[in-house]
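S.K.: Below are the features listed in TrEMBL for this protein:
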TRANSMEM  20-45  transmembrane segment
DOMAIN    39-285  domain 'G-protein coupled receptors family 1 profile'
TRANSMEM  57-76  transmembrane segment
TRANSMEM  96-118  transmembrane segment
TRANSMEM  138-156  transmembrane segment
TRANSMEM  191-223  transmembrane segment
TRANSMEM  235-257  transmembrane segment
TRANSMEM  269-287  transmembrane segment
Amino acid sequence: MENASSVKEFILLGLSENQVIQKICFVMFLFFYMIIMSGNLLIVVTVMSSQHLKSPMYFFLSYLSFVDICYSSVTAPKMIADFLIENKTISFVGCIAQLFGVHFFGCTEIFILTVMAYDRYTAICRPLHYTTLMTRRACDRMLICSWVGGFVHSMVQTLLTSFLPFCGPNKIDHFFCDVHPLLQLACTDTYAVGIIVVANSGMIALSCFFILVVSYIVILVSLKRQTSEGRHKALSTCGSHITVVILFFGPCTFSYIRPSSNLSEDKSVAVFYTVITPMLNPLIYTLRNEEVKNAIKKLWSKE
């Protein structure tokens, strides 16, 4: 993708410029990335191969794991490789592509988490209508809407950024290309673009977070009318989802619904939603879910 910029590549400053810390980070983040890939891939394979995990909840869980694999793969391999090389450059086209991927998969994950909350609300608060409301066709439509919503959001962020002129500094104080660091490098007034970017991200994050909060308030109120066994089972599945939502939405909201003023702070927070949360998701969902654990055991026993 070309624009009027004289800058053809950017330099990523990464998490640290200290050589010793970079080597430690290389080992640590390589280990994290291996866990992300193996853990999420295990969930995808388990859900696809198990006859007992065919409910909408596991259908969405498998796609959440797939999105986590893609989401981390947009940033982590480049970040890990940069820990070992001195010249941490990325082309203009590669930078814009990375920006697109981060927002595409990140926003898609937000929508899938929201859809999963609706699934839990329907299962707990409207159990008699669950099978008619959450049909495979309805699940497919919600999933498609999540992907389309992520694509539209990402296109807005990408187009607004890619057509800015970059004619001077090319050092990005981050470990991947993102909107706020690039806005600070543009050699033009980016106030209006910054407002649109924050409004776009903020509208999606806050509206989805509002839906999530309302869903779980209604769920918690309805649980009072259920038996202790039903309450325990519902809280087990909901607890995993709430934990993931907090881990993902907290850092994302901090980074994207406000104008960025401290890039060093932003890139530290970005580690949580690009690496830590995708790594913890499989552990959270498997450790608290007996059905998934049993399905994994059966999968391994076949081999």
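In case you wondered, yes, glycine gets a Cβ from its N, Cα and C as well.
What's the neighbourhood like for these features in this structure?
M.R.: If one looks beyond the transmembrane segment (96-118) by at least 6 residues along the same chain, the residues whose Cβ comes under 8 Å of a Cβ in the stretch are 1, 57, 60-61, 63-64, 67-68, 70-71, 74-75, 78, 90, 142-143, 145-147, 149-151, 153-155, 157-158, 161-162, 176-179, 182, 204-205, 208, 211-212, 215-216, 241, 244-245, 248-249, 252, 273-274.
Sequence-distant contacts of the transmembrane segment (191-223) (same chain, at least 6 residues past either end, Cβ-Cβ under 8 Å): 107, 110-111, 113-114, 117-118, 120-121, 124-125, 149, 153, 156-157, 160-161, 164, 179-180, 183, 230-231, 234-235, 238, 242, 245, 249, 252-253, 256-259.
Long-range neighbours of the transmembrane segment (235-257) within the same chain, counting only residues 6 or more positions beyond its ends whose Cβ lies under 8 Å from a Cβ of the stretch, are 57, 106, 109-110, 113, 116-117, 120, 124, 180, 198, 201-202, 205-206, 208-209, 212, 216, 219, 223, 266, 269-270, 272-273, 276-277, 280-281, 284-285, 288-289.
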S.K.: Do at least three C-beta pairs under 8 angstroms join the transmembrane segment (138-156) to the transmembrane segment (57-76), pairs 6 or more apart in sequence?
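M.R.: In contact, yes.
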S.K.: For the transmembrane segment (20-45), could you work out the same-chain residues 6 or more beyond its ends whose Cβ comes under 8 Å from its Cβ atoms?
M.R.: 14, 61-62, 65-66, 68-69, 72, 76-77, 79-80, 83-84, 275-276, 278-279, 281-283, 285-286, 292, 296, 299
